[in-house]
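Pulled these features from TrEMBL for this protein:
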TRANSMEM  12-29  transmembrane segment
TRANSMEM  49-70  transmembrane segment
TRANSMEM  109-127  transmembrane segment
TRANSMEM  133-153  transmembrane segment
Amino acid sequence: MILDVYFRKPLFWDYIIASISSVTIIILYSKNKISIPDVQDSYSLTGDLTNITLTLAGFILTILTVLITFKDNSKETIEDENEPTFNKFFNTDFYYETVKHLKNCIKSIIIIAALGFFLKLFLLGGYRKYFFFYNMFGLIITILTIWRCLLILSKVLKLQKPN
């Protein structure tokens with residue numbers, strides 16, 4: 001399934017998809033097929049994107065903290081077959097894989113936020129019109145990261161359902 005391929009290297013695929021999309025937008029812009037917002041709007045959107053990604057990193061960190069807390073409170077070994085599947089989840093490799101993916105989501109979002117912050121801080125005025133292309137790249141990474149987190153959360157929630 002396509003999700004299996006995606007989840008083997010999600011950061012790789014996120015950045016490939018965002019890069020291809022950004023290059024496509026740059027090509028369309030250079031051929032005058034699309035226009036970009038004015039400099040001030042793009043500059044403002046960069047700040048908004050930075051704030052949004054930092055907020056999302058906090059939410060994902062909260063999810064990760066809750067999972068780790070549940071793990072700490074679960075039994076080390078499950079001997080009872082009637083034990084809920086969700087409790088068994090903490091003693092499988094899937095738990096560690098889930099934690100790894102959520103940690104990578106946080107890293108990816110922090111990179112986008114830091115990059116946006118430093119671009120805003122250090123990019124010279126003449127290059128500010130190109131913020132739009134960073135915004136598109138960052139937005140795609142953010143959307144794919146949220147999508148990945150939602151996929152992970154939906155799988156974890158399915159485990160909590162009674163059989």
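The backbone N, Cα and C atoms fix where each Cβ goes, and this holds for glycine too.
TrEMBL: automatically predicted annotations, no manual curation.
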Below 8 Å between Cβ atoms, which of the listed ranges 12-29, 49-70, 133-153 makes the most pairs with the transmembrane segment (109-127)?
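So the stretch in question is 49-70.
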What else in the chain is close to the transmembrane segment (133-153), if you only count residues 6 or more beyond its ends and a Cβ gap under 8 Å?
3, 7, 10, 13-15, 17-19, 21-22, 25-26, 29, 36, 42, 45-46, 49, 52-53, 56, 60, 63, 98, 101-102, 105, 108-109, 112, 115-116, 119
Please give the sequence-distant neighbours of the transmembrane segment (49-70): residues at least 6 beyond its ends with Cβ less than 8 Å from one of its Cβ atoms.
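Counting only partners 6 or more residues beyond its ends, the transmembrane segment (49-70) has Cβ contacts under 8 Å with 90, 95, 98-99, 102-103, 105-106, 109-110, 112-113, 116-117, 120, 135, 138-139, 142, 145-146, 149, 153, 156.
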